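Worksheet: the structure to be examined is printed underneath.
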Ligand SMILES: NC(=O)c1ccc[n+]([C@@H]2O[C@H](COP(=O)([O-])OP(=O)(O)OC[C@H]3O[C@@H](n4cnc5c(N)ncnc54)[C@H](O)[C@@H]3O)[C@@H](O)[C@H]2O)c1
Ligand SMILES: O=C(O)C(=O)C[C@@H](O)[C@H](O)[C@H](O)COP(=O)(O)O
Ligand SMILES: [Zn+2]
């Protein structure tokens, strides 16, 4: 299969997304911006698998790279990892021409991206996503962040990468639970924007779960197309970009209430999308059959569809801190139909409490 390239249209901050098997070994071809020293940021799971291969493909710039290897895990998407990156950049006298390469999943991408956004007030970043979730979602769009114990992604910045290089061959080593977590964000893109894509996912569940390369390539490309088009319209989430948060008001509350890393992000988003769909049905925006259809698809993709036990007070505490909220009202992304969503700021509290009570 030939590699595909999409463009995120953001004027002089626009960039290509390259998708294909084996791109890691041709990185120099896909990253012509390497005019400064490279700072490779990865973690202790991904480094032994892919760091040498990536750096070897970059020639002398690769051998001279600063290497920062973070401890693995969502729990380490925090100050300590950020501090390690800053310390390494400073110890090596990295300058404003230094290019951060984030090699790994969404955790590495978000924290390395935030370090790049803030080091010396901003240096270039290249995203090399190696999880399905990162290839379909987190490497694109420029949201970077670390978590705070009181909330997900609470400290961060918008900082677009210069290029995204998604080598689909890296997905072969991804554990099944992590792979399923990526499928949650794929389904989200269909649910909010593209009923035809959602139906394609339903028809191709077996191929996707079996990691069929043709099916996977389509899922990644269509997800990136949908996300890139939304980001191009609303880079800083003043409007339509919030639709990409479908399932996240509930999902982020699950992650934070249980402790970051207890449920995977994609798992929490899957259960969160079911709750958001139920709330949509409860206030008459969609039919109960639509909720069941989405729930059935997510379960078939190997994802949890039932939220964990969380007290109503804890739900409200974490959802009360969601970044979409305005004027103290919890904001939800709800479905108007499968394939179409809206931002809703006036969902009745009674309906929300009923949905949570039945969760
Ligand atoms: N910035 C955004 O727009 C955005 C979008 C979605 C999610 N996110 C964030 O992304 C994070 C979740 O990302 P994730 O699901 O990639 O999790 P992750 O980064 O923790 O990666 C999942 C696991 O897979 C390992 N791994 C990575 N690549 C591998 C490979 N090829 N083979 C074997 N193991 C591999 C990782 O070390 C980790 O253990 C969350 O923090 C979430 O908030 C950000
Ligand atoms: O890119 C976006 O915009 C998204 O909302 C994509 C989400 O999948 C992602 O989890 C994002 O990090 C959530 O952003 P947040 O602003 O709710 O922290
Ligand atoms: Zn997400």
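The backbone N, Cα and C atoms fix where each Cβ goes, glycine too.
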Out of 92, 185, 354, which is the one TrEMBL records at the Zn(2+) site of 248, 265?
185
Take the mean position of the Cβ atoms of 185, 248, 265, the recorded Zn(2+) site. Which other residues of that chain put their Cβ within 8 Å of it?
133, 137, 184, 188, 247, 251, 266, 268, 269, 272
Please list the binding-site residues from 109, 131, 170, 248 whose Cβ falls under 6 Å of any atom in ligand 2.
248
Write out how many residues of the domain '3-dehydroquinate synthase C-terminal' (182-325) are helix, how many strand and how many coil, based on DSSP.
103 helix, 0 strand, 41 coil
Using DSSP reduced to three states, classify residue 75 (NAD(+) binding site) as helix, strand or coil.
helix
